[in-house]
Amino acid sequence: YYTSVLLAECYRNGDPVNGKRNYTYMEVVHSNLGGLQVQFCGFIQYLNLIGVAIGYTVASAISMMAIERSNCYHRSGGKDPCHMNSNAYMIAFGAVQIIVSQIPDFDQLWWLSIVAAVMSFTYSTIGLGLGIGKVMG
């Protein structure tokens, strides 16, 4: 919340109505601090991006393995321990990231926001339903 409010306050530099627009965090830092601070903030921002990317890759591999393990369990009737390796899932997720990152102006696709909103609503509804089911059980 704090960073969102900070970025909203720094969206325009100088005049809040007609000032220069800052579209990225780095533009805000450059407009307000400049110099060496931009390089330092950029370095920290890339470190954060690398950490988040690794976290999402590991989390997605664990989720895909859980689905596969559940399918294996149901196929074998609970007799197979279903041991598996997460490397293939991490590589697959990384390959999809590389392919999708090559789409020009991916962040400008109008339908992408709609898909993201529908997916978020669906996940929330599934989570709510599972939570209600657990409480009722």
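In case you wondered, yes, glycine gets a Cβ from its N, Cα and C as well.
Curation does not apply to TrEMBL; its annotations are automatic.
What TrEMBL lists as domain 'Amino acid transporter transmembrane' is 1-127. Under the heading transmembrane segment, TrEMBL lists 43-67, 88-104, 110-132.
Tertiary neighbourhood of the transmembrane segment (88-104): same-chain residues 53, 56-58, 60-61, 64-65, selected by CB-CB distance under 8 Å and a gap of 6+ residues from either end. Tertiary neighbourhood of the transmembrane segment (43-67): same-chain residues 25-26, 84, 86, 89-90, 92-94, 97, selected by CB-CB distance under 8 Å and a gap of 6+ residues from either end. Counting residues of the domain 'Amino acid transporter transmembrane' (1-127) by DSSP class, helix then strand then coil, yields 93 helix, 4 strand, 30 coil.
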